[in-house]
């Protein structure tokens, strides 16, 4: 199974103090030697990574780069030409991407065409539902990336102590039996979505909220060929170093 390391959270540490440390390019070099691709999200407000980071990584780091960006940031994708662009929704007030892309956006078809004309692979970050899979195929995307955020949130509510903390999600303060049912339902949505996507000749990736404990259920969905993981790897690296954190995740997703 392929691993994309999202290095945005290295930039989060850098921006916490507004200095040039830790060096995002150093993290990219290390990740490129251990993972199959680097994923970087350049947001409209540049709160974490910025276009200079993207430019440097593409210039000096000879690996596959997956740029996450909103439709409104597409000019930078066309300028710098990463290997792949994953189109994601974006809200200025969100801490992290909260849901899948709205595929009913009138601009989407034109944006996809422009990217493909520049030989850039196109991935759509979508919620796991069959309607969006079919639309992604009609839009002629190369990849879909299934949003695993709801799965990860339910897993955390069921198997960690998060519901006893200030980070609890009110809608997931439920009994264990209720959470188990929700978890299985979400896994079934992911399985069905991945199966349909593969049957429509879409490459299938997944990501958001995946960590060292919850990733196994996603690895077991054989139609998913790639995972993009960031926050949990960077969090683990605080204790064991980035190299070991990536290698530990690689071991968990090996088939």
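Even glycines carry a Cβ here, placed using N, Cα and C.
Secondary structure from DSSP puts residue 231 (3-amino-2-oxopropyl phosphate binding site) in a helix. Summarising the annotation, Swiss-Prot assigns 3-amino-2-oxopropyl phosphate binding site to 6, 17, 209, 230, 231 and lists sequence analysis as the type of evidence.
Summarising the annotation, Swiss-Prot assigns 1-deoxy-D-xylulose 5-phosphate binding site to 8, 9, 43, 48, 96. If you take the C-beta of residue 43 (1-deoxy-D-xylulose 5-phosphate binding site) and look for same-chain residues 6 or more apart in sequence within under 8 angstroms, you find 49, 69, 70, 73, 90.
With a 10 A radius on its CB, residue 41 (active site, proton acceptor) counts 25 other CB atoms from all the protein chains. The feature active site, proton acceptor is assigned by Swiss-Prot to 41 (among others), with sequence analysis given as support.
Summarising the annotation, Swiss-Prot assigns active site, proton acceptor to 68 (among others). Look at residue 68 (active site, proton acceptor): DSSP puts it in a strand. If you take the C-beta of residue 68 (active site, proton acceptor) and look for same-chain residues 6 or more apart in sequence within under 8 angstroms, you find 6, 39, 40, 41, 42, 85, 86, 88, 125.
The feature site 'Transition state stabilizer' is assigned by Swiss-Prot to 145. A sphere of 10 angstroms centred on the C-beta of residue 145 (site 'Transition state stabilizer') encloses 30 other C-beta atoms.
Mapped onto three states, the DSSP output places residue 208 (active site, proton donor) in coil. For 208, the entry in Swiss-Prot reads active site, proton donor, with the evidence type sequence analysis.
Taking only the Cα positions, the spacing between residue 231 (3-amino-2-oxopropyl phosphate binding site) and residue 9 (1-deoxy-D-xylulose 5-phosphate binding site) is 6 angstrom.
Spatial neighbours are here defined as Cα atoms within 10 angstroms of one another, and by that definition residue 8 (1-deoxy-D-xylulose 5-phosphate binding site) has no neighbours among the recorded positions 17, 145, 208, 209. Set side by side, the binding-site residues 6, 231 differ in how many other CB atoms lie within 10 angstroms of their CB, and the most is found at 6. Calculated from their C-alpha atoms, the gap between residue 209 (3-amino-2-oxopropyl phosphate binding site) and residue 145 (site 'Transition state stabilizer') amounts to 13 Å.
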